[in-house]
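Some features that TrEMBL has for this protein:
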TRANSMEM  27-47  transmembrane segment
DOMAIN    41-287  domain 'G-protein coupled receptors family 1 profile'
TRANSMEM  59-78  transmembrane segment
TRANSMEM  98-120  transmembrane segment
TRANSMEM  140-162  transmembrane segment
TRANSMEM  204-224  transmembrane segment
TRANSMEM  236-258  transmembrane segment
TRANSMEM  270-290  transmembrane segment
Amino acid sequence: EMEHRNYTVSEFVLLGLSQSHEVQMTIFFFFLIFYMIVLPGNILIILTVWRDSQLGSPMYFFLANLAFLDICYSSVTPPKMLADLFSHHQTISYNACMAQIFFLHFLGAAEYFLLVAMAYDRYVAVCKPLHYTRLVSRSVCCVLVGAAWGGGFIHGIILFALSFRLPLCGPNILDNFFCDVHQVVKLACANTYTVELLMFLNNGAVIIMCFILLPISYTVLLLKLHAQSSKAKSKVASTCVSHIIVVFIMCGPAMYIYGLPFQAVPMEKIVALFHTVVFPLTNAMIYTLCNQEIKGSMWKLVSK
């Protein structure tokens with residue numbers, strides 16, 4: 001019954017964040033100002049790492065890639081959301097909806113996998129410093145970044161394939177400001193238990209790996225700092241703490257949204273707003289604020 005998709009649904013109606021015009025305008029100006037401040041900050045991080053030869057270590061290579069991923073991820077839903085705030089009838093075509101689902105999960109999973117690569121980098125730096133240049137060479141870094149993008153692509157294409165095969169006969173109303181798998185699957189006119197289970201397992205494999213393994217790995221690193229000098233302790237500790245903060249603000253909302261299969265969760269739109277719009281652009285900034293070297297380099301670049 002799910003081999004061929006029913007094409008009667010050509011677009012979806014988005015209920016958006018609020019039906020109040022005043023609330024919509026407040027949201028629009030808040031996020032417009034947020035983007036005008038934080039988006040250039042992420043671009044500045046990439047330019048700083050690219051132009052400053054002193055920032056040639058793997059940590060900054062990963063940071064620049066994270067900033068780029070954040071920019072891409074934050075370009076999936078916000079432009080459409082901001083445009084819809086001026087529209088009384090918010091709709092999205094079927095193809096655009098499927099594209100949102102694919103890129104949202106492709107880029108989101110790629111970011112999680114990149115966080116794993118960054119954890120590996122910090123582990124080798126603290127636990128195997130004598131072998132650091134060999135174990136985390138530039139070629140290894142490129143392979144890890146490529147694997148993060150590849151893993152994200154596989155994750156995104158699986159969810160896209162599961163969503164695309166759903167038979168949709170109507171209704172076509174989504175109570176959100178963007179398309180996501182667990183909302184579209186509820187509109188299917190078929191038994192979707194198996195599809196929802198596969199979606200849950202697919203999301204869970206990525207999110208749980210990050211949310212459980214990464215904090216544990218950074219906690220282990222912090223416990224190993226007793227043998228380091230006080231200066232090294234401070235530098236590594238600030239880096240690990242910033243990594244842990246990013247892991248929690250990325251994985252926490254994701255677990256809340258995708259961690260309970262077959263049922264809706266309260267305040268989903270608010271959590272999704274922070275998860276897809278606010279938090280991604282702040283990740284690289286959190287790392288930067290905890291690192292004196294890149295802050296100094298950024299200031300020099302801006303001064304020039």
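All positions are counted from 1 along the displayed chain.
In case you wondered, yes, glycine gets a Cβ from its N, Cα and C as well.
Counting Cβ pairs under 8 Å to the transmembrane segment (270-290), the stretch among 27-47, 59-78, 98-120, 204-224 with the most such contacts is 59-78. When Cβ-Cβ distances below 8 Å are used as the criterion, the transmembrane segment (98-120) is approached by residues 59, 62-63, 65-66, 69-70, 72-73, 76-77, 80, 92, 136, 141, 144-145, 147-149, 151-153, 155-157, 159-160, 163-164, 178-181, 184, 203, 206-207, 209-210, 213-214, 217-218, 243, 246-247, 250-251, 254, 276, 280, 283 of the same chain, each at least six residues removed from its ends. Proximity of distant same-chain residues to the transmembrane segment (236-258), defined by a Cβ-Cβ separation under 8 Å and at least 6 residues beyond the stretch ends, is recorded for 59, 108, 111-112, 115, 118-119, 122, 125-126, 180, 182, 200, 203-204, 207-208, 210-211, 214-215, 218, 221-222, 225, 228, 265, 268, 271-272, 274-275, 279-280, 282-283, 286-287, 289-291. Sequence-distant neighbours of the transmembrane segment (140-162) (same chain, 6+ residues past either end, Cβ-Cβ under 8 Å): 58, 61-62, 65, 98, 101-114, 116-117, 120-121, 181, 185, 195, 198-199, 202-203, 206. Averaged across the domain 'G-protein coupled receptors family 1 profile' (41-287), the predicted model reaches a pLDDT of 87. At the 8 Å Cβ cutoff, the transmembrane segment (59-78) and the transmembrane segment (204-224) share fewer than 3 close pairs (sequence separation 6 or more) and do not count as touching.
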